[in-house]
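Below: the structure, in C-alpha coordinates.
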Amino acid sequence: MNAARGLGDTSVNARRTTLVVVALALLGVALRLPFLGVPPGPDESGFFIIGQQWRDGTSLYGDYWVDRPPLLVTIFWLVPSITGLRIVGCLAVAAVVLLVGLAAYAARGHRAAVAAAATAALLSAAPWLGVVRVNGELLASPFVAGAMVLTVLMLRDSARRPHLLALGAGAASAAAFGVKQSSVDGFVFGTVALAVLALTRRERRTQALTLLLAAAGGALAFAALLVAWGATRGTDPVGLFHAVVTFRADAGEVIRESASSATTDRLREMVLAWLVSGLSLLTVVALALGVRHRRDPVVVATLATLLAGSAVALLGGSYWLHYLAQLIPAAALTTAWLVGGPGDGSGDGSGAAPETDRGPGRTRRLAVLLVAVWLPVATVVTLSDELSHPIDDGPAEATGAFIREASAPGDTIVVAYGQPNVVLDSGLTAPYEHLWSLPIRVLDPDLADLTALVESPERPTWVVQWGRDGFATWAVRTDAFSEAVHEHYREAATVCGRTVWLRDDADRSLPAPEAC
(Lines of atoms letter the chains of each structure in order from A and count residues from 1; the text may use other names and numbers.)
(Lines give C-alpha, C1' and ligand atoms only; values in the text may rest on other atoms or scores of the structure.)
Protein backbone atom coordinates (compact mmCIF):
# COMPACT_ATOMS: atom_id res chain seq x y z
CA MET A 1 0.00 0.00 0.00
CA ASN A 2 1.33 3.43 -0.86
CA ALA A 3 0.54 6.48 1.19
CA ALA A 4 -2.51 7.37 -0.91
CA ARG A 5 -4.27 4.10 -0.30
CA GLY A 6 -7.06 4.04 2.26
CA LEU A 7 -10.81 3.91 2.27
CA GLY A 8 -10.69 6.37 -0.59
CA ASP A 9 -8.81 3.90 -2.87
CA THR A 10 -10.34 3.69 -6.35
CA SER A 11 -9.99 -0.09 -6.75
CA VAL A 12 -13.17 -2.15 -6.92
CA ASN A 13 -12.28 -4.01 -3.74
CA ALA A 14 -11.58 -0.77 -1.89
CA ARG A 15 -14.86 0.79 -3.05
CA ARG A 16 -16.70 -2.28 -1.83
CA THR A 17 -14.92 -2.05 1.51
CA THR A 18 -15.80 1.63 1.77
CA LEU A 19 -19.48 0.90 1.18
CA VAL A 20 -19.47 -1.85 3.81
CA VAL A 21 -17.75 0.35 6.39
CA VAL A 22 -20.16 3.23 5.70
CA ALA A 23 -23.07 0.80 6.03
CA LEU A 24 -21.69 -0.35 9.38
CA ALA A 25 -21.42 3.27 10.52
CA LEU A 26 -25.09 3.75 9.61
CA LEU A 27 -25.90 0.54 11.49
CA GLY A 28 -24.20 1.92 14.59
CA VAL A 29 -26.34 5.05 14.30
CA ALA A 30 -29.53 3.07 13.66
CA LEU A 31 -29.00 0.95 16.77
CA ARG A 32 -28.96 4.12 18.87
CA LEU A 33 -32.07 5.71 17.36
CA PRO A 34 -34.55 3.87 19.64
CA PHE A 35 -32.92 5.60 22.61
CA LEU A 36 -33.09 9.19 21.37
CA GLY A 37 -36.07 9.84 23.63
CA VAL A 38 -34.64 8.28 26.79
CA PRO A 39 -34.89 10.76 29.68
CA PRO A 40 -31.62 12.65 30.22
CA GLY A 41 -29.36 11.14 32.84
CA PRO A 42 -27.61 13.06 35.62
CA ASP A 43 -24.41 13.62 33.63
CA GLU A 44 -26.18 14.70 30.45
CA SER A 45 -28.40 17.04 32.46
CA GLY A 46 -25.61 18.55 34.53
CA PHE A 47 -23.27 19.15 31.60
CA PHE A 48 -26.14 20.61 29.57
CA ILE A 49 -27.05 23.01 32.39
CA ILE A 50 -23.41 24.09 32.71
CA GLY A 51 -22.80 24.39 28.99
CA GLN A 52 -25.90 26.46 28.30
CA GLN A 53 -24.93 29.13 30.85
CA TRP A 54 -21.14 29.07 30.35
CA ARG A 55 -19.84 32.59 30.62
CA ASP A 56 -17.75 34.70 33.00
CA GLY A 57 -19.44 33.95 36.32
CA THR A 58 -18.88 33.15 39.97
CA SER A 59 -17.37 29.68 39.51
CA LEU A 60 -15.21 27.67 37.09
CA TYR A 61 -17.75 27.43 34.28
CA GLY A 62 -20.07 30.37 34.68
CA ASP A 63 -21.87 29.88 38.00
CA TYR A 64 -21.12 26.13 38.25
CA TRP A 65 -18.12 23.95 39.01
CA VAL A 66 -17.33 20.59 37.46
CA ASP A 67 -14.14 18.55 37.22
CA ARG A 68 -14.09 18.30 33.42
CA PRO A 69 -11.99 19.95 30.69
CA PRO A 70 -13.32 22.78 28.50
CA LEU A 71 -13.87 20.83 25.27
CA LEU A 72 -16.62 18.75 26.88
CA VAL A 73 -18.35 21.88 28.16
CA THR A 74 -17.92 23.45 24.71
CA ILE A 75 -19.84 20.58 23.12
CA PHE A 76 -22.68 21.05 25.59
CA TRP A 77 -22.53 24.80 24.97
CA LEU A 78 -23.04 24.20 21.24
CA VAL A 79 -25.91 21.69 21.33
CA PRO A 80 -29.39 23.28 21.43
CA SER A 81 -31.16 20.52 23.35
CA ILE A 82 -30.83 17.04 24.80
CA THR A 83 -32.16 15.65 21.52
CA GLY A 84 -29.44 17.60 19.72
CA LEU A 85 -26.91 16.07 22.10
CA ARG A 86 -28.19 12.58 21.29
CA ILE A 87 -27.76 13.33 17.59
CA VAL A 88 -24.17 14.41 18.29
CA GLY A 89 -23.75 11.05 20.05
CA CYS A 90 -24.95 9.27 16.91
CA LEU A 91 -22.46 11.25 14.83
CA ALA A 92 -19.71 10.32 17.28
CA VAL A 93 -20.51 6.63 16.82
CA ALA A 94 -20.44 6.98 13.04
CA ALA A 95 -17.10 8.78 13.23
CA VAL A 96 -15.57 6.08 15.42
CA VAL A 97 -16.73 3.31 13.07
CA LEU A 98 -15.34 5.10 10.02
CA LEU A 99 -12.05 6.05 11.66
CA VAL A 100 -11.21 2.64 13.13
CA GLY A 101 -12.11 1.16 9.75
CA LEU A 102 -9.66 3.54 8.09
CA ALA A 103 -6.93 2.76 10.62
CA ALA A 104 -7.43 -0.97 10.15
CA TYR A 105 -7.42 -0.64 6.37
CA ALA A 106 -4.24 1.39 6.34
CA ALA A 107 -2.44 -1.21 8.45
CA ARG A 108 -3.97 -4.53 7.42
CA GLY A 109 -6.29 -4.17 4.44
CA HIS A 110 -9.90 -4.86 3.49
CA ARG A 111 -10.98 -7.64 5.84
CA ALA A 112 -9.42 -5.88 8.80
CA ALA A 113 -11.31 -2.68 8.00
CA VAL A 114 -14.66 -4.47 7.93
CA ALA A 115 -13.90 -6.39 11.13
CA ALA A 116 -12.87 -3.26 13.03
CA ALA A 117 -15.85 -1.25 11.81
CA ALA A 118 -18.30 -4.02 12.68
CA THR A 119 -16.86 -4.36 16.17
CA ALA A 120 -17.06 -0.62 16.79
CA ALA A 121 -20.65 -0.46 15.52
CA LEU A 122 -21.78 -3.32 17.75
CA LEU A 123 -19.97 -2.22 20.90
CA SER A 124 -21.13 1.38 20.46
CA ALA A 125 -24.71 0.14 20.63
CA ALA A 126 -24.29 -2.14 23.65
CA PRO A 127 -26.40 -0.76 26.54
CA TRP A 128 -24.31 -2.71 29.04
CA LEU A 129 -21.44 -0.37 28.25
CA GLY A 130 -23.53 2.60 29.30
CA VAL A 131 -23.78 4.05 25.79
CA VAL A 132 -27.55 4.62 25.71
CA ARG A 133 -26.89 8.13 26.96
CA VAL A 134 -24.20 10.47 25.70
CA ASN A 135 -21.18 10.59 28.00
CA GLY A 136 -17.65 11.87 27.97
CA GLU A 137 -16.17 8.54 26.90
CA LEU A 138 -18.39 8.45 23.82
CA LEU A 139 -17.64 12.05 22.86
CA ALA A 140 -13.89 11.50 23.30
CA SER A 141 -13.83 8.32 21.20
CA PRO A 142 -13.74 9.99 17.74
CA PHE A 143 -10.66 11.94 18.77
CA VAL A 144 -9.02 8.75 20.06
CA ALA A 145 -9.85 6.93 16.83
CA GLY A 146 -8.54 9.89 14.83
CA ALA A 147 -5.26 9.78 16.75
CA MET A 148 -5.02 6.06 16.00
CA VAL A 149 -5.53 6.64 12.26
CA LEU A 150 -2.85 9.32 12.13
CA THR A 151 -0.45 7.18 14.16
CA VAL A 152 -0.90 4.20 11.84
CA LEU A 153 -0.35 6.40 8.79
CA MET A 154 2.77 8.09 10.17
CA LEU A 155 4.39 4.72 10.98
CA ARG A 156 4.32 3.51 7.40
CA ASP A 157 7.62 3.31 5.56
CA SER A 158 6.04 5.18 2.65
CA ALA A 159 4.35 7.85 4.77
CA ARG A 160 4.32 11.33 3.29
CA ARG A 161 4.89 14.17 5.75
CA PRO A 162 4.98 11.83 8.77
CA HIS A 163 5.80 14.67 11.14
CA LEU A 164 2.67 16.53 10.10
CA LEU A 165 0.71 13.34 10.78
CA ALA A 166 2.41 13.10 14.19
CA LEU A 167 1.46 16.70 14.92
CA GLY A 168 -2.17 15.84 14.14
CA ALA A 169 -2.05 12.65 16.22
CA GLY A 170 -0.83 14.62 19.22
CA ALA A 171 -3.54 17.25 18.75
CA ALA A 172 -6.24 14.58 18.43
CA SER A 173 -4.99 12.88 21.59
CA ALA A 174 -5.11 16.19 23.43
CA ALA A 175 -8.64 16.76 22.14
CA ALA A 176 -9.73 13.43 23.63
CA PHE A 177 -8.14 14.47 26.92
CA GLY A 178 -9.92 17.81 26.53
CA VAL A 179 -13.25 16.00 26.55
CA LYS A 180 -12.44 13.78 29.52
CA GLN A 181 -9.10 13.73 31.28
CA SER A 182 -9.12 9.95 31.68
CA SER A 183 -9.18 9.52 27.87
CA VAL A 184 -5.44 9.05 27.46
CA ASP A 185 -5.82 6.30 24.86
CA GLY A 186 -4.41 8.36 21.99
CA PHE A 187 -1.29 9.20 24.00
CA VAL A 188 -0.79 5.57 25.01
CA PHE A 189 -1.31 4.24 21.48
CA GLY A 190 1.10 6.68 19.87
CA THR A 191 3.80 6.51 22.54
CA VAL A 192 3.88 2.71 22.67
CA ALA A 193 3.80 2.38 18.89
CA LEU A 194 6.78 4.72 18.51
CA ALA A 195 8.64 2.94 21.32
CA VAL A 196 8.20 -0.45 19.63
CA LEU A 197 9.23 1.05 16.29
CA ALA A 198 12.42 2.45 17.84
CA LEU A 199 13.24 -0.85 19.56
CA THR A 200 12.66 -3.05 16.52
CA ARG A 201 13.81 -0.81 13.65
CA ARG A 202 17.24 0.62 14.45
CA GLU A 203 17.33 2.61 11.23
CA ARG A 204 14.15 4.46 12.28
CA ARG A 205 15.06 5.30 15.88
CA THR A 206 15.92 8.90 15.15
CA GLN A 207 12.72 9.32 13.18
CA ALA A 208 10.70 7.76 16.01
CA LEU A 209 12.12 10.32 18.43
CA THR A 210 11.36 13.26 16.14
CA LEU A 211 7.85 11.92 15.54
CA LEU A 212 7.33 11.73 19.30
CA LEU A 213 8.49 15.33 19.67
CA ALA A 214 6.17 16.43 16.87
CA ALA A 215 3.24 14.65 18.52
CA ALA A 216 4.07 16.28 21.84
CA GLY A 217 4.16 19.65 20.10
CA GLY A 218 0.73 19.04 18.58
CA ALA A 219 -0.69 18.05 21.95
CA LEU A 220 0.76 21.08 23.73
CA ALA A 221 -0.42 23.45 21.02
CA PHE A 222 -3.97 22.13 21.16
CA ALA A 223 -3.99 22.20 24.96
CA ALA A 224 -2.81 25.82 24.95
CA LEU A 225 -5.54 26.80 22.49
CA LEU A 226 -8.17 25.00 24.58
CA VAL A 227 -7.08 26.72 27.80
CA ALA A 228 -7.04 30.07 26.01
CA TRP A 229 -10.53 29.43 24.65
CA GLY A 230 -11.76 28.60 28.13
CA ALA A 231 -10.23 31.79 29.48
CA THR A 232 -12.22 33.85 26.98
CA ARG A 233 -15.37 32.31 28.52
CA GLY A 234 -14.25 33.14 32.05
CA THR A 235 -12.64 29.80 33.00
CA ASP A 236 -9.53 30.47 35.09
CA PRO A 237 -6.52 28.37 33.95
CA VAL A 238 -5.31 27.78 37.52
CA GLY A 239 -8.76 26.74 38.65
CA LEU A 240 -9.02 24.53 35.58
CA PHE A 241 -5.78 22.73 36.48
CA HIS A 242 -7.13 22.07 39.95
CA ALA A 243 -10.41 20.73 38.59
CA VAL A 244 -8.88 18.49 35.94
CA VAL A 245 -5.75 17.25 37.74
CA THR A 246 -5.43 17.79 41.49
CA PHE A 247 -9.11 17.38 42.31
CA ARG A 248 -9.07 13.81 41.03
CA ALA A 249 -6.48 12.77 43.62
CA ASP A 250 -8.59 14.23 46.43
CA ALA A 251 -11.72 12.69 44.95
CA GLY A 252 -10.12 9.26 44.79
CA GLU A 253 -9.37 9.37 48.50
CA VAL A 254 -12.94 10.44 49.30
CA ILE A 255 -14.36 7.68 47.11
CA ARG A 256 -12.26 5.06 48.88
CA GLU A 257 -13.20 6.34 52.34
CA SER A 258 -16.92 6.58 51.62
CA ALA A 259 -17.35 3.40 49.56
CA SER A 260 -20.59 1.62 50.33
CA SER A 261 -22.33 -1.59 49.28
CA ALA A 262 -23.55 0.31 46.21
CA THR A 263 -19.92 0.78 45.15
CA THR A 264 -19.32 -2.95 45.38
CA ASP A 265 -22.50 -3.60 43.42
CA ARG A 266 -21.35 -1.29 40.63
CA LEU A 267 -17.96 -3.02 40.51
CA ARG A 268 -19.72 -6.35 40.17
CA GLU A 269 -21.91 -4.98 37.38
CA MET A 270 -18.89 -3.52 35.57
CA VAL A 271 -16.98 -6.80 35.68
CA LEU A 272 -20.07 -8.66 34.47
CA ALA A 273 -20.55 -6.21 31.60
CA TRP A 274 -16.86 -6.54 30.70
CA LEU A 275 -17.22 -10.32 30.62
CA VAL A 276 -20.50 -10.57 28.74
CA SER A 277 -20.08 -7.73 26.24
CA GLY A 278 -17.10 -9.38 24.55
CA LEU A 279 -14.50 -6.94 25.88
CA SER A 280 -13.01 -9.72 27.99
CA LEU A 281 -12.68 -11.97 24.94
CA LEU A 282 -11.07 -9.21 22.91
CA THR A 283 -8.65 -8.46 25.75
CA VAL A 284 -7.52 -12.10 25.74
CA VAL A 285 -7.15 -11.94 21.96
CA ALA A 286 -5.12 -8.74 22.24
CA LEU A 287 -2.82 -10.38 24.79
CA ALA A 288 -2.24 -13.36 22.51
CA LEU A 289 -1.62 -11.16 19.48
CA GLY A 290 0.66 -8.87 21.46
CA VAL A 291 2.85 -11.80 22.47
CA ARG A 292 2.90 -13.35 19.00
CA HIS A 293 3.49 -10.07 17.15
CA ARG A 294 5.53 -8.24 19.75
CA ARG A 295 7.62 -6.58 17.02
CA ASP A 296 4.54 -5.00 15.42
CA PRO A 297 4.04 -1.43 16.72
CA VAL A 298 0.29 -1.18 16.10
CA VAL A 299 -0.50 -4.58 17.61
CA VAL A 300 1.50 -3.91 20.78
CA ALA A 301 0.12 -0.36 20.97
CA THR A 302 -3.43 -1.68 20.73
CA LEU A 303 -2.80 -4.10 23.58
CA ALA A 304 -1.27 -1.35 25.72
CA THR A 305 -4.22 0.94 25.01
CA LEU A 306 -6.74 -1.74 25.90
CA LEU A 307 -4.96 -2.48 29.17
CA ALA A 308 -4.60 1.22 30.00
CA GLY A 309 -8.31 1.82 29.38
CA SER A 310 -9.22 -1.13 31.59
CA ALA A 311 -6.97 0.20 34.34
CA VAL A 312 -8.58 3.65 34.11
CA ALA A 313 -12.05 2.11 34.42
CA LEU A 314 -11.03 0.19 37.54
CA LEU A 315 -8.85 2.80 39.23
CA GLY A 316 -11.52 5.49 39.00
CA GLY A 317 -13.22 3.87 41.96
CA SER A 318 -16.81 4.70 41.00
CA TYR A 319 -17.24 1.81 38.52
CA TRP A 320 -19.88 3.35 36.27
CA LEU A 321 -20.64 1.19 33.24
CA HIS A 322 -19.97 3.95 30.72
CA TYR A 323 -16.29 3.88 31.72
CA LEU A 324 -16.04 0.73 29.59
CA ALA A 325 -17.00 2.69 26.47
CA GLN A 326 -13.46 4.05 26.50
CA LEU A 327 -12.23 0.61 25.39
CA ILE A 328 -14.23 0.54 22.15
CA PRO A 329 -11.64 1.94 19.65
CA ALA A 330 -8.83 -0.33 20.89
CA ALA A 331 -11.18 -3.33 21.08
CA ALA A 332 -12.25 -2.69 17.49
CA LEU A 333 -8.64 -2.60 16.28
CA THR A 334 -8.00 -5.88 18.09
CA THR A 335 -10.42 -7.65 15.75
CA ALA A 336 -8.66 -6.01 12.81
CA TRP A 337 -5.30 -7.48 13.80
CA LEU A 338 -6.98 -10.85 14.42
CA VAL A 339 -8.58 -10.98 10.98
CA GLY A 340 -6.15 -9.03 8.81
CA GLY A 341 -2.60 -9.97 7.98
CA PRO A 342 0.33 -9.25 5.69
CA GLY A 343 -1.35 -11.28 3.00
CA ASP A 344 -4.45 -9.07 2.99
CA GLY A 345 -3.09 -6.24 0.94
CA SER A 346 -1.54 -4.40 3.80
CA GLY A 347 2.13 -4.85 2.98
CA ASP A 348 4.28 -3.26 5.62
CA GLY A 349 1.77 -0.54 6.42
CA SER A 350 2.21 -0.74 10.16
CA GLY A 351 5.90 -0.01 10.21
CA ALA A 352 6.53 -3.40 11.79
CA ALA A 353 9.79 -5.20 11.50
CA PRO A 354 9.50 -8.10 9.06
CA GLU A 355 8.44 -11.33 10.68
CA THR A 356 7.27 -14.68 9.45
CA ASP A 357 3.52 -15.35 9.66
CA ARG A 358 2.38 -18.77 8.44
CA GLY A 359 -1.21 -17.58 8.11
CA PRO A 360 -4.23 -18.21 10.28
CA GLY A 361 -4.02 -21.47 12.16
CA ARG A 362 -6.72 -23.43 13.92
CA THR A 363 -6.52 -21.29 17.06
CA ARG A 364 -6.86 -18.06 15.12
CA ARG A 365 -9.79 -19.39 13.09
CA LEU A 366 -11.49 -20.45 16.30
CA ALA A 367 -10.91 -17.00 17.80
CA VAL A 368 -12.33 -15.31 14.70
CA LEU A 369 -15.41 -17.54 14.85
CA LEU A 370 -15.89 -16.93 18.56
CA VAL A 371 -15.65 -13.14 18.18
CA ALA A 372 -17.91 -13.17 15.11
CA VAL A 373 -20.61 -15.01 17.05
CA TRP A 374 -20.15 -13.51 20.52
CA LEU A 375 -20.31 -9.80 19.68
CA PRO A 376 -23.55 -9.84 17.63
CA VAL A 377 -25.29 -12.16 20.08
CA ALA A 378 -24.23 -10.09 23.10
CA THR A 379 -25.37 -6.88 21.41
CA VAL A 380 -28.74 -8.30 20.36
CA VAL A 381 -29.38 -9.72 23.83
CA THR A 382 -28.49 -6.49 25.64
CA LEU A 383 -30.42 -4.33 23.16
CA SER A 384 -33.49 -6.54 23.49
CA ASP A 385 -33.27 -6.40 27.27
CA GLU A 386 -32.89 -2.62 27.24
CA LEU A 387 -35.84 -2.13 24.89
CA SER A 388 -38.07 -4.44 26.92
CA HIS A 389 -36.96 -2.91 30.24
CA PRO A 390 -36.44 0.80 29.48
CA ILE A 391 -34.52 3.07 31.81
CA ASP A 392 -36.71 4.11 34.73
CA ASP A 393 -36.08 7.65 35.89
CA GLY A 394 -39.51 7.89 37.49
CA PRO A 395 -38.49 9.58 40.76
CA ALA A 396 -36.37 12.23 39.02
CA GLU A 397 -38.97 12.94 36.34
CA ALA A 398 -41.87 13.02 38.81
CA THR A 399 -40.02 15.28 41.25
CA GLY A 400 -38.91 17.64 38.52
CA ALA A 401 -42.40 17.75 37.02
CA PHE A 402 -43.98 18.49 40.41
CA ILE A 403 -41.68 21.44 41.04
CA ARG A 404 -41.99 22.70 37.47
CA GLU A 405 -45.78 22.84 37.77
CA ALA A 406 -45.74 24.38 41.26
CA SER A 407 -43.00 26.94 40.71
CA ALA A 408 -43.28 30.61 39.88
CA PRO A 409 -41.00 32.77 37.71
CA GLY A 410 -37.70 33.43 39.45
CA ASP A 411 -37.84 30.29 41.61
CA THR A 412 -34.62 28.37 42.20
CA ILE A 413 -33.81 24.84 43.35
CA VAL A 414 -31.17 22.77 45.13
CA VAL A 415 -31.17 18.98 45.26
CA ALA A 416 -29.38 17.44 48.23
CA TYR A 417 -27.16 16.01 46.95
CA GLY A 418 -26.61 16.03 43.21
CA GLN A 419 -29.23 14.75 40.75
CA PRO A 420 -28.89 17.51 38.13
CA ASN A 421 -31.55 15.73 36.05
CA VAL A 422 -34.10 16.87 38.65
CA VAL A 423 -32.84 20.43 38.24
CA LEU A 424 -33.15 20.19 34.45
CA ASP A 425 -36.61 18.60 34.63
CA SER A 426 -37.79 21.35 36.96
CA GLY A 427 -36.85 24.07 34.49
CA LEU A 428 -35.31 26.12 37.31
CA THR A 429 -31.78 27.30 38.00
CA ALA A 430 -29.66 26.20 40.96
CA PRO A 431 -27.92 28.90 43.05
CA TYR A 432 -25.44 26.32 44.44
CA GLU A 433 -22.33 25.78 42.30
CA HIS A 434 -22.14 21.99 42.74
CA LEU A 435 -24.57 19.85 40.74
CA TRP A 436 -23.04 16.45 41.61
CA SER A 437 -22.45 14.73 44.93
CA LEU A 438 -18.72 14.02 44.49
CA PRO A 439 -17.63 17.69 44.32
CA ILE A 440 -19.79 18.35 47.36
CA ARG A 441 -18.11 15.55 49.31
CA VAL A 442 -14.65 16.77 48.33
CA LEU A 443 -15.00 20.56 48.29
CA ASP A 444 -17.86 21.21 50.73
CA PRO A 445 -17.86 18.18 53.08
CA ASP A 446 -19.19 20.20 56.02
CA LEU A 447 -21.83 21.73 53.74
CA ALA A 448 -20.65 25.12 54.96
CA ASP A 449 -21.30 26.80 51.60
CA LEU A 450 -24.67 25.10 51.17
CA THR A 451 -25.73 25.94 54.72
CA ALA A 452 -24.72 29.57 54.25
CA LEU A 453 -26.81 29.64 51.09
CA VAL A 454 -30.02 28.33 52.69
CA GLU A 455 -29.56 30.81 55.55
CA SER A 456 -29.09 33.78 53.21
CA PRO A 457 -31.76 35.96 51.56
CA GLU A 458 -30.77 34.33 48.23
CA ARG A 459 -31.65 30.84 49.48
CA PRO A 460 -33.33 28.56 46.92
CA THR A 461 -37.10 28.43 46.73
CA TRP A 462 -37.10 24.64 46.69
CA VAL A 463 -34.87 22.08 48.39
CA VAL A 464 -35.22 18.43 47.41
CA GLN A 465 -34.17 15.87 49.99
CA TRP A 466 -33.12 13.04 47.70
CA GLY A 467 -32.22 10.57 50.43
CA ARG A 468 -35.23 8.70 51.75
CA ASP A 469 -33.81 8.70 55.29
CA GLY A 470 -33.05 12.39 55.60
CA PHE A 471 -30.09 14.57 54.72
CA ALA A 472 -27.48 12.42 56.50
CA THR A 473 -26.04 10.56 53.54
CA TRP A 474 -23.05 10.52 51.15
CA ALA A 475 -20.50 10.80 53.98
CA VAL A 476 -21.01 14.54 54.47
CA ARG A 477 -21.56 16.31 57.78
CA THR A 478 -25.15 17.47 57.63
CA ASP A 479 -26.24 18.63 61.10
CA ALA A 480 -25.94 22.38 60.49
CA PHE A 481 -27.46 22.12 57.02
CA SER A 482 -30.39 20.02 58.24
CA GLU A 483 -31.10 22.49 61.03
CA ALA A 484 -31.01 25.39 58.57
CA VAL A 485 -33.49 23.68 56.25
CA HIS A 486 -35.88 22.93 59.11
CA GLU A 487 -35.61 26.54 60.26
CA HIS A 488 -36.24 28.23 56.92
CA TYR A 489 -38.35 25.68 55.01
CA ARG A 490 -41.50 23.62 55.39
CA GLU A 491 -42.31 20.23 53.91
CA ALA A 492 -44.37 20.80 50.77
CA ALA A 493 -44.79 17.25 49.47
CA THR A 494 -43.31 13.80 49.22
CA VAL A 495 -42.76 12.67 45.62
CA CYS A 496 -41.67 9.09 45.04
CA GLY A 497 -40.28 8.96 48.56
CA ARG A 498 -38.33 12.21 48.14
CA THR A 499 -39.24 15.10 50.41
CA VAL A 500 -39.71 18.46 48.70
CA TRP A 501 -39.13 21.49 50.92
CA LEU A 502 -40.50 24.98 50.18
CA ARG A 503 -39.07 28.10 51.80
CA ASP A 504 -41.30 29.52 54.53
CA ASP A 505 -41.84 32.91 52.91
CA ALA A 506 -43.01 31.42 49.59
CA ASP A 507 -46.65 30.64 48.85
CA ARG A 508 -47.22 28.20 46.00
CA SER A 509 -50.19 26.23 44.70
CA LEU A 510 -49.10 22.59 44.94
CA PRO A 511 -50.32 20.02 42.39
CA ALA A 512 -50.87 16.35 43.11
CA PRO A 513 -47.56 14.49 42.59
CA GLU A 514 -47.29 12.20 39.58
CA ALA A 515 -47.28 8.46 40.12
CA CYS A 516 -43.85 6.84 40.06
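Glycine too: its Cβ is placed from the backbone N, Cα and C atoms.
Nobody curates TrEMBL annotations by hand; they come from automatic prediction.
Record features, source TrEMBL:
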- 75-105: transmembrane segment (TRANSMEM)
- 112-132: transmembrane segment (TRANSMEM)
- 138-155: transmembrane segment (TRANSMEM)
- 162-178: transmembrane segment (TRANSMEM)
- 184-201: transmembrane segment (TRANSMEM)
- 208-231: transmembrane segment (TRANSMEM)
- 271-291: transmembrane segment (TRANSMEM)
- 298-321: transmembrane segment (TRANSMEM)
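Against the transmembrane segment (208-231), stretch 162-178 shows more Cβ pairs under 8 Å than any other of 138-155, 162-178, 184-201. When each of the listed stretches 138-155, 162-178, 298-321 is scored by C-beta pairs under 8 angstroms to the transmembrane segment (184-201), 298-321 comes out highest. For the transmembrane segment (162-178), the residues of the chain that approach it from at least six positions outside its boundaries are 69-72, 140-141, 143-144, 146-147, 150-151, 153-156, 184-187, 190, 207, 210-212, 214-223, 226, judged by C-beta separation under 8 angstroms.
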